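Below: one structure, written as structure tokens.
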Amino acid sequence: MTRRTVARALVYLSLIAATVVVLLPLVVVLLTSLKSEREMTRSGGALSLPDNLLNFHNYVSAFRDGEMLSAFANTAVILLVSVGGTVLIGSMTAYAIDRFTFRLRKLVVALFLVAALVPGVTTQVATFQIVNSFGMFDSLWAPIALYMGTDIVSIYIFLQFVRSIPVSLDESARLDGANAFTIYRKIIFPLLKPAIATVVIVKGITVYNDFYIPFLYMPSEDLGVISTSLFRFRGPYAAHWEVISAGAILVILPTLIVFLSLQRFIYNGFMRGATR
Amino acid sequence: MTDTTEKAAVKTTTGAASTAPSPAPAPRGTRVWRGVTPWLFLIAPLALLITFTYAPVANMLAYSLTDWDGVSPELRYIGAENYAEIFTREDLFRVFFVSGYYLVASAVQIVAALYFATILSFNVRFRNFFKGVLFFPYLINGVAIGFVFLYFFQDGGTLDSVLNLFGVESDRAWLGTPVSANTSLAGVSVWRYLGLNFVLFLGAIQSIPGELYEAAELDGANRWHQFRHIIAPGIKPVLTLTVILSISGSLSVFEVPYIMTGGATGTETFVIQTVNLAFRFGKTGLASAAAVVLLLIILLVTWIQRRLVPDDKVDLV
């Protein structure tokens, strides 16, 4: 009996330790973001509480000087277009592959499958030349095209769902005179809602957080997305940890809100998306 | 396996059904139209796939045999020289050793994720809170994580302050020497990615039917036995997949070290080096060869995984 109690206590102890390890760095940054410049130099240590818990001065500087407004706007545009495109392209691909038998179908499937094995980071040097030759370098189109590119994970998720939609639905619609496009638009697409939610979440978080692609393809300052704009804090604020912290919290906050409101869907989305 | 055969059976019957009701063969125009329809759906995805995946791979192979600088109009063929350079120049080769730190970190990460997934799939108070806390770092922006941990490892930053609380007088630059810098960065990687492995394992464990545990408990199995004989075999496919993803992940680390140290003090990883070679020093040919080497290693690792665990889940058809 006592052994069991000890085991339970150890389990909780490990969970609490993990919670501290995860939250401590974040909480300290939150505290730092609320301190004034003078408090920072007074060196009360990183763990000390700020004098005024409602001192949002640093947030104002970070938001204004870091041009976070245009960063959020750019991110929003890229996010909307590329997530919308991914949903459209993924569902069309899945529909065509699952509902039609045509010559070269096996080859098409193989092309998508093999592409899944090529990690994006390895081909970036050559991809850069192609994006450049289209004149998309240093424009919002570069990340949009690359994100839409071909997201194998989303195609796979859609394929799973298209398969679960009974073919008899297509057939009865066809007897009523619907063509393939009407069937896709009126029957398949609406029934894919759960899959669309999954893809929107997984893809949305990936795009919001990506640093590599916007960093390489959009060096202009006015084309900053949230990652690259935040990255630029390094230079001008090098020693001003209170402003950098405020910027970091500004970027994390939307993620936290989305996570808390959609928790269950997010877990499911990642389980479905990542296991492939 | 049975699923595919069933699928094939369904396919043929539906194919027959769609032609059966029409009394006369469809007019020529309709038949052509029907043959074209799938391609109308596939044209955009295929164009993107070829432009942004296959064309780059082909170009990359070609560039890797030249000494191209990325700008000049002419490419000069130099054979396998770039490859020879990668494997003989010690400063280029060194980045592989940096991956070692991340490989060790991955092992720690998988064990910890497995532990937390196991205990949180049983009845624990505040389960959803702990789940959320463990998973959340995975969703945070990489640049923000970089800054959070730059401050964490700063002189007089979070880590030093915590150690002071426990009376440990630490006066060291955590990112100052190659060993401690790489260890610190690998630690950040564990902090960041533990949640993903954890959620994958949790999902796999939850798909194991609950009666198995009950039956095992009746037979007198304790928690360790249950883990050893029910959970571990039950999640084997996810476990191997995670190992593979970790290996290719360890080889392609970029974001956090680039943001935190810029690759200084011996923390340069393979991808940082490739990006620098191509975009800073204009050595597109050499960078392409390096990328080809990385791609080949990752394909090899994936191939080994497919051999070890024949994965029947990856049938796209």
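Including glycine, each Cβ sits where the backbone N, Cα and C put it.
TrEMBL labels come from automatic prediction, so no person has curated them.
As the structure is a computational prediction, the values presented were derived from the model and not from experiment.
Here TrEMBL flags B:1-29 as region 'Disordered'. The compositional bias 'Low complexity' annotation in TrEMBL covers B:12-21. The transmembrane segment annotation in TrEMBL covers B:36-55, B:101-122, B:134-153, B:173-194, B:238-260, B:285-304.
Beyond its flanks by at least six residues, the transmembrane segment (B:238-260) meets 98-99, 102-103, 105-107, 109-110, 113-114, 142-143, 145-147, 149-150, 175, 185, 188-189, 192-193, 197, 200-201, 203-204, 232, 267-272, 275, 294, 297-298, 301-302, 305, 308-309, 311 of its own chain at Cβ-Cβ distances under 8 Å. The stretch with the most CB contacts under 8 Å to the transmembrane segment (B:134-153), chosen from B:36-55, B:101-122, B:173-194, is B:173-194. Segment contact holds for the transmembrane segment (B:101-122) and the transmembrane segment (B:173-194), given three or more CB pairs below 8 angstroms at sequence separation of 6 or more.
Beyond the ends of the transmembrane segment (B:36-55), by six or more residues, the same chain brings no residue to a C-beta distance below 8 angstroms of the stretch.
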